[in-house]
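What follows is a short report on a single structure.
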């Protein structure tokens, strides 16, 4: 039997479409005893407004009865994305989400929760270790960030780059994360119990007597080197495991549409992890009250928290393995986009040349310096109020929980703030909060004596009041940073032209982020070495904070004016384009070959009848 498909043009449509019953591809026995054909979702189209009828697909094979006709499916066009030849388009869904996407997002959500749960425990623990250790104080933090953390981060990224060239993605993930898990487990059960034997305390004491108390911070790095190593590994967990491993993996396996829909939920989930991990730190820190005399309560608490960190780390690896094994991953184009590479000097020149980029850079640098100036001073007062590691850790657990709640609330309110008050007001909230709380914090430190009688009526000392105000400052400034400052910074790039947008972001990434993070630490180091201690430097640090935040507010105001002008210019250009551009209607084909020009250039004319296989008719804009 030979089937001939007659064509009358490029797209031939049957004048009188008929349903053609075709049996699905089955064996001889099933075809012989089949009672009714199986139908699929497909549509037959016609050019004369005939109703759409289902198409039945068959791929006959095997032997057929002699008196049985082989049905032939005519070539018919599919309309508006309908499946051709009965192909199913609907994928299985759960709660309105495709099942494949749902499995992927749930696994990523669990990974993100475990990673940030661990990060909160590690972040709180690292401060307890280095601040409350014998022979150390909060003065160690600026030196630790500059001279230990920064070189270790650079060295790790060099090593990571080399490993990425020789290992597969899965092998690279496990190679990076397993050393972290092993170290934190070994620290809780091996390094901390042996710390009194492996720390060179006597040698550090002799050097301190020779050099003087102003070198307490640098010498403490050598004195408690295992605690400093824990501090650096905890910092690297935040930058490596969160930023490099997790977000690299998430961007690899999610599409842009999935990212737009689900990435904001990861931000909310991060704050839920913050709340739960804060409660966990609080619980283990209070274990000391149930222990007998002579027992190192902090060692017991540390073993419990490090055990949870190890279990969460293994859960992260399990989720990663499961996604790679059981979730189909999207294919990516191998074409790489060229990224602008700017040296430090080129970045500086570009920053200086553009007022808009200068103001944006001021925002980034000012935040990094301001939060560092207040945070280190606050931690020194926190140690004075809570000298015991367990008490310090319990307070940090409450602090993390409060930060998670505040950030979660601010993220829910941020959309209302942007819609109601605009970009300018949202950009000024973070420096305003930091300024008000910073003034209150430094005032309690500098003028605590005259305020003591008033504070006593509320059951607080000036020191305790400074601790609480400093905690509020850190909580509100960080929640405002995550919910308002970061979105404002990214939105500021949008109205720029492509060249300025790309080069400006590269310049800020190269210069301003490192300058903001290390600027505060360098200022504190200079003050400590000049005035002898962090306490003696407090008045000057308060003055520097005031100047920086005022410059931050000025830059935000200037940037708001420029941002608004660029947005208005952009909207005006769009309106002009919509008013000027006319798209004529393409003449439609009447019947199966002739062209009709009924309403080609008349926007008031009704829609002409057309073949449903033709593209949708564009109208004048």
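Every residue, even glycine, has its Cβ placed from backbone N, Cα and C.
Counting only same-chain residues 6+ beyond the ends of the transmembrane segment (105-122), those with a CB under 8 A from a CB of the stretch are 97, 184, 233-234, 237-238, 241-242, 246, 249-250, 253-254, 258, 262, 265-266, 269-270, 272-274, 276-278, 280-281, 305, 308-309, 312-313, 315-316, 319-320, 322-323, 327, 400. Residues or ranges marked as transmembrane segment by TrEMBL: 105-122 (among others).
Proximity of distant same-chain residues to the transmembrane segment (142-160), defined by a Cβ-Cβ separation under 8 Å and at least 6 residues beyond the stretch ends, is recorded for 130, 172, 176, 217-218, 221, 228, 231-232, 235-236, 239-240, 244, 372, 376, 517-518, 520-522, 524-525, 528. Per TrEMBL, transmembrane segment is recorded for 142-160 (among others).
The transmembrane segment annotation in TrEMBL covers 172-192 (among others). Long-range contacts of the transmembrane segment (172-192) within its own chain (CB-CB distance under 8 A, at least 6 residues past either end) are made by residues 122, 160, 163-164, 198, 226, 230, 233, 236-237, 240-241, 244-245, 249, 299, 302-303, 305-307, 309-310, 313-314, 316-317, 320.
The transmembrane segment annotation in TrEMBL covers 224-250 (among others). Taking Cβ pairs closer than 8 Å, the transmembrane segment (224-250) reaches residues 108, 111-112, 115-116, 118-119, 122-123, 125-126, 129-130, 133, 135-136, 140, 144, 148-149, 152-153, 156, 160, 173, 176-177, 180, 183-184, 187, 191-192, 195, 198-200, 259, 263, 266, 316, 320 in its own chain, all 6 or more past its ends.
As annotated by TrEMBL, transmembrane segment applies to 262-284 (among others).
The transmembrane segment feature in TrEMBL is assigned to 304-327 (among others). Same-chain neighbours of the transmembrane segment (304-327): 100, 103-104, 107-108, 110-111, 114-115, 117-118, 121-122, 125, 170, 173-174, 177-178, 180-181, 184-185, 187-189, 241, 249, 253, 280-281, 284, 287, counting only residues six or more beyond its ends whose CB sits under 8 Å from a CB of the stretch.
Residues or ranges marked as transmembrane segment by TrEMBL: 356-374 (among others).
Counting same-chain residues at least six beyond the ends of the transmembrane segment (394-413), those with a Cβ under 8 angstroms from any Cβ of the stretch are 120, 123-124, 127-128, 267-268, 271-275, 277-283, 285-286, 382, 386, 471, 474-476, 478-480, 482-484. Per TrEMBL, transmembrane segment is recorded for 394-413 (among others).
Annotation comment: TrEMBL describes 433-452 (among others) as transmembrane segment.
The transmembrane segment annotation in TrEMBL covers 458-476 (among others).
Below 8 angstroms of C-beta separation, residues 137-139, 142, 213-217, 362-363, 366-367, 369-370, 373-374, 376-377, 380, 428, 431-432, 434-435, 438-439, 442, 445-446 of the same chain, each at least six residues beyond the ends of the transmembrane segment (526-553), sit close to that stretch. Here TrEMBL flags 526-553 (among others) as transmembrane segment.
Residues annotated as region 'Disordered' in TrEMBL: 583-621.
The compositional bias 'Low complexity' annotation in TrEMBL covers 594-613.
Most Cβ pairs under 8 Å with the transmembrane segment (433-452) belong to 458-476, among the candidate stretches 262-284, 356-374, 458-476.
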